[in-house]
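Visitor: Next up is a structure, given as structure tokens.
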Amino acid sequence: MSPPSSPSLAAHLSRNVRRLEQPRREPGIDLARGLAVLGMFAAHLMVVPELVWADPGTWLGVVEGRSSILFATLAGVSLGLLARSASQAPGIQAGARTSIAIRAAVIWAIGLGLLAFEIPVYIVLPAYGVLLLIGAIMLTWSTRWLLATSLLVAVTAPFLVAFINRHGPPVPDSAAEAVFDALGWNYPFVLWVAFVAAGLVAGRAVAHSTTRTLVMAAGGAVAAVVGYGVVGPAGNAVVETHGEYLPPGTRLWALSVVQSFPHSSGVGEAVGSGGFALAVIGLCVLIGRTAVRWLLWPMRVLGSMPLTAYVAHLVVWGIWILANPEVGRVIDPLDGFRALDPFWPMTLGITTGCILWALLVGRGPLESLLHFLASPSVAHEHLKDAQST
């Protein structure tokens, strides 16, 4: 078979470049996803300082915890865009839920597979699969109910999570650890459903108008200030003074639950980081509606295949662990890998790979797998347009 002629190759490349400019595709959502992936790369591959908002030298610490919350909120945004399509096509809601459930199951299974590498970082995919499944149930809820759910869960679920976690992490190799891994409990779904619900609302705001997108971004910024500056400090002070695991039901325990430290599942973190995610999404959407989006095309490409990029960086890490017998005995699997300064080589390599794939093929490889497996659903095209990962 002869290679394609230059004009046909140019047309093919042009078509794949324009793929991210489809009418019902929101460029800013890809941009936000790219930032979330980049943030998770940084949180995993670099030693980041503890964030102190008043100290610019620590601002890299913003990636810790917030990147995964942004990722989860974006799942809700994609579902929100899908819900808008579903509402305009009667009879496809059941098919949409089926397609989402298939995607959720595949993502969950990929996450469990990655756990086999024993990579020393939290892997979000099992929780992401569970959250997508719950999000499918909320797909056609009213905006009012979604807002109420998001707010109520954000301020109450942390107490349930703290009670469940009161004895600390489960015993290694125990049944409890297996359940925690299967549920992705480092990202407890009983709390994180708040981010999915907020994302559903955000998706509807983005689809409605620029004005609502601005309101969403401003509201998110206010929530971030409240969570980090008003609610969280009281809990942070208790944890720093008395420790994290306090007797449930006591005043100090209740105060500790409102903390805002990354991965704490505290009220301050839920409100602050949830608001931060909404503000970032709103800002990215607004940027994506200007010509500046073309300057950020590489980041948008990364965000168009987030599952592929996320899995790729963990697989590389896992291969390094398997290829080095001394890892776990002499070499620490976390510090040893970070000592290689892998962030920039990994980021540039994966981003370049994504760009080449996007130009030559189009949809990312794992995204294509999800697309293929979910294709029996009658909502297939709507899911594609809604950009769910």
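Quick reminder: no glycine exception, Cβ is built from N, Cα and C everywhere.
Just so you know, TrEMBL annotations never went through curation; they're auto-generated.
Feature list, courtesy of TrEMBL:
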type: DOMAIN; residues: 26-217; note: domain 'Heparan-alpha-glucosaminide N-acetyltransferase catalytic'
type: TRANSMEM; residues: 28-48; note: transmembrane segment
type: TRANSMEM; residues: 68-86; note: transmembrane segment
type: TRANSMEM; residues: 98-117; note: transmembrane segment
type: TRANSMEM; residues: 123-141; note: transmembrane segment
type: TRANSMEM; residues: 146-165; note: transmembrane segment
type: TRANSMEM; residues: 185-207; note: transmembrane segment
type: TRANSMEM; residues: 214-231; note: transmembrane segment
type: TRANSMEM; residues: 270-289; note: transmembrane segment
type: TRANSMEM; residues: 301-323; note: transmembrane segment
type: TRANSMEM; residues: 343-362; note: transmembrane segment
Visitor: Would you kindly list the residues that approach the transmembrane segment (343-362) from elsewhere in its chain, counting only those six or more residues past its ends and only Cβ-Cβ distances under 8 Å?
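Guide: Long-range Cβ neighbours of the transmembrane segment (343-362): 12-13, 16-17, 19-20, 38, 41-42, 45-46, 298, 301-302, 304-305, 308-309, 312-313, 316.
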Visitor: Quickly jot the same-chain residues contacting the transmembrane segment (270-289) by Cβ under 8 Å, restricted to those at least six beyond its ends, or write none.
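Guide: Sequence-distant neighbours of the transmembrane segment (270-289): 26-32, 35, 65-66, 69-70, 72-74, 77, 150, 154-155, 157-158, 191, 194-195, 198-199, 202, 206, 210, 213-214, 216-228, 231-232, 260, 262, 296, 300.
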Visitor: Using a Cβ cut-off of under 8 Å, list the residues of the same chain at least 6 residues beyond the transmembrane segment (301-323) that approach it.
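Guide: For the transmembrane segment (301-323), the list is 20, 29-38, 40-41, 44-45, 71, 107, 110, 114, 117-119, 121, 123-125, 333, 337, 342, 346, 350-351, 353-355, 357-358, 363-367, 370, 387, 389.
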